[in-house]
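Record features, source Swiss-Prot:
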DOMAIN    1-159  domain 'Obg'
REGION    126-149  region 'Disordered'
COMPBIAS  129-143  compositional bias 'Polar residues'
DOMAIN    160-333  domain 'OBG-type G'
BINDING   166-173, 191-195, 213-216, 283-286, 314-316  GTP binding site
BINDING   173, 193  Mg(2+) binding site
REGION    376-406  region 'Disordered'
COMPBIAS  383-399  compositional bias 'Acidic residues'
């Protein structure tokens, strides 16, 4: 199944049913009076987080969704039936954005969580409602109100405790295969991983965490090189980042320089994400003579000015992987306890999470704007005159850019 993490859809809630105008007409009953019923409310549109879904592909081709209208009122004071609500299932971790205002309507982060994105129209009133002491036979009714309609952008960010960073062929997929039951494709060429992969790491019988592997970054990713930085958004909700470095690259490149590339690209994408706790994992150390390993480790730590934890592993032979998994589990438990006991720390983390979300969304929007400029033949914003209506929302002749990552 294709992995789709961004879609645009249109939702329309049901209109309210019109009120009914009718009068009681029975044999031997004169001037029976009004008996027109109210209409039914229109159905609303909800998004519901479904833990069995992991992609937005269902909304790639079907983009317009309408809830049921309310039925009109009936005679004998019968109220029209309410329109049926429309419930659209989405993967857990979906962010819902109003396209018109760029406002984040909500995040669906728990299975079964529901979010109303379009409210059904209010029912119309039947003529019975307007009966009074001075108006015994009202002929007034009201129509149902139209339901809300919205253009929405759905963004999926995978939910994981730990995220893996590194250049292509750094061994991220091999690492996730070594520590979990996930089986991502592994090969000796760049960009083997094209979509995020999730793996559940079981440390003890009742202790586990989720790790996410995203496609590798290369130098210039922030400008769109390689697979770009679009997949970095999937690390926004992680609690810890593991920076994997290939210590024995086939092209004999400098591991320290390769690690610095990732650090620089991460900072360009989101300075707040670069503040997330990060551990350095030196992979493929089994290919380095044992008497040289400590010196290699000390050299890269010194050149990077690294202050955080450093681990030496060999993912393919699983050397050192059990230790790092237990340390990760301990880190996550201590972090959760501190959040529960220290409100100041919890607030600081919440602010950091919000900054990461805001910066990631702004950066990705900037990339989409640049792509739109290039496709329109404009090289840069400086080439647009002040009187140019390129960004005029009322100009229907402008290009429409819809980005979907397969």
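Backbone N, Cα and C atoms are what each Cβ position is placed from, and that goes for glycine too.
Since the structure is predicted, the reported quantities are computational estimates derived from the model, not experimental observations.
Around residue 195 (GTP binding site), the same-chain residues at least 6 positions away in sequence with a Cβ under 8 Å from its Cβ are 3, 215, 231. Remark: residue 314 (GTP binding site) has 283, 284, 285, 286, 287, 320 as non-local neighbours, by Cβ distance under 8 Å and separation of at least 6 in sequence.
Mean pLDDT for the domain 'Obg' (1-159) in the predicted structure: 90. Residue 166 (GTP binding site) sits 11 Å from residue 173 (Mg(2+) binding site), taking the Cα positions as reference. The residues of the region 'Disordered' (126-149), classed with DSSP into helix (H, G, I), strand (E, B) and coil, number 4 helix, 1 strand, 19 coil. Following the DSSP three-state reduction, the secondary structure of residue 314 (GTP binding site) is strand.
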